[in-house]
Amino acid sequence: MFVKQHDDSLDSLLRPANWDEYIGQEKIKKHLKIILDAAKKRKEPSDHLLFYGQAGLGKTTLAHMVAKEMNANLKVTSGPAMEKMADLASILSNLERGDIFFIDEAHRLNRMIEEVLYPAMESRKLHIIIGKGPTTKTFSVDLPPFTLVAATTRADLLSAPLRSRFGGIFQLDYYEQKDIENIIKRSAKLLKLAIESEAVSILAKASRATPRVANRLLKRCRDFCEVNNLKKIDGDAAGKTLEVLEIDDMGLEPHDKRFLRIVIEKFNGGPVGVNTLAAALNEDRRVLEDIYEPYLMKLGFLNRTSAGRVITPAAYEHLGLKNEAKLL
Ligand code: ADP
């Protein structure tokens, strides 16, 4: 087990360093600042915090900002990286007063590890069990005050006892078009790129309302301009970059279109159960639920109903297909 470090240099260059640079999510910023200011006043670590929402919306960035705001060290790991109780025990026993302990993909923590976390979060105790059967011994070690910050794409998969131990729970939503445009402009400035406003709006619309995607599209545009000796990213360069990437104007990728077409062609637009659909697409159900469906639902192209997944008229229209969608 290792404690992963985010050391990708471009990523850290683009990562907002303060609240003003963290664009959008105003309600979360406001609420979070109150929690952190109050903790600072009390000279105590803040309550444990949970951030949930789709990948790339800024959960890790918030964890970094919490650490910065609290002037604390950030220790980073993830649910799947901790396989044994000893993995967690070794991180916990090395925590120092005030540290921020960040667990990404918290829904993938195994139950045994969660059970070590509960007393650590609640009463700052680390219970260590040695041996098996009648010779079992339990030691209890006091931990310094620390803050657990957890991030997940699937809060519904966190166990209720774990969820209930967070003092602040924040849901990150998809971003508004204007916020994504501002993120693209800010990143272009940091990367010293000249970009026209038409290109900003084309890229923002195709960014799946997600900052990480926006930054990725901007970087691919930079490549396109470099290869073609263009000094400026204009609308034409942005459009051509999307064409090369096979991303359409609303950010749909080939896998999204395949998803929509299969529901339309094989299941008459739905309703179709998620397991049947996963089998037809030869994908894991979790991939559909975590990656494919949220953005299609955000666009209003897909509905999850009790009878199964249903494609909406807006999706037929976007794909240029005859509108045979059932009225819902
Ligand atoms: P997550 O942890 O939710 O997957 P990250 O925090 O890693 O997402 O964010 C992905 C990238 O998007 C970051 O490198 C950062 O540069 C950018 N980003 C995320 N949120 C914002 C924001 N609110 N304002 C500006 N850039 C952002």
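Using the three backbone atoms N, Cα and C, a Cβ is placed for every residue, glycine included.
TrEMBL has this to say about the protein:
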{"type": "BINDING", "residues": "L14, R15, G56, K59, T60, T61, R165, Y175, R212", "note": "ATP binding site"}
{"type": "DOMAIN", "residues": "45-176", "note": "domain 'AAA+ ATPase'"}
{"type": "BINDING", "residues": "T60", "note": "Mg(2+) binding site"}
{"type": "REGION", "residues": "176-246", "note": "region 'Small ATPAse domain (RuvB-S)'"}
{"type": "REGION", "residues": "249-328", "note": "region 'Head domain (RuvB-H)'"}
{"type": "BINDING", "residues": "R285, R304, R309", "note": "DNA binding site"}
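Location within the structure of each feature annotated in TrEMBL.
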| residue | record | DSSP (3 states) |
| --- | --- | --- |
| L14 | ATP binding site | helix |
| G56 | ATP binding site | coil |
| R165 | ATP binding site | coil |
| R212 | ATP binding site | helix |
| R285 | DNA binding site | helix |
| R304 | DNA binding site | strand |
| R309 | DNA binding site | strand |
Using CB under 6 Å from any atom of ligand 1, narrow the binding-site residues R165, R285, R309 to the ones that qualify.
none
Candidate nearest R304 (DNA binding site) in space, where candidates are the binding-site residues L14, G56, T60, R165, R212 and distance is Cα-Cα:
G56
If you measure R165 (ATP binding site) to R285 (DNA binding site) at Cα, how many Å is it?
29
Suppose the DNA site is R285, R304, R309. Which further residues of the same chain have a Cβ inside 8 angstroms of that site's Cβ centroid?
G273, V274, L277, L288, E289, E293, G308
When you look at R285, R304, R309, which the record names as binding DNA, what is the longest CA to CA distance in angstrom?
14
If you count, for each of the binding-site residues R165, R212, R285, R309, the other Cβ atoms lying within 10 Å of its Cβ, which residue has the minimum?
R285
Residues with Cβ closer than 8 Å to the Cβ of G56 (ATP binding site), same chain and 6+ apart in sequence?
T210, P211, R212, V213
Please give the maximum pairwise Cα distance, in Å and rounded to a whole number, for the ATP-binding set L14, R15, G56, K59, T60, T61, R165, Y175, R212.
32
If you average pLDDT over the domain 'AAA+ ATPase' (45-176), what do you get?
93
DSSP helix, strand and coil counts for the domain 'AAA+ ATPase' (45-176)?
49 helix, 36 strand, 47 coil
For L14 (ATP binding site), the number of other Cβ atoms found within 10 Å of its own Cβ:
21
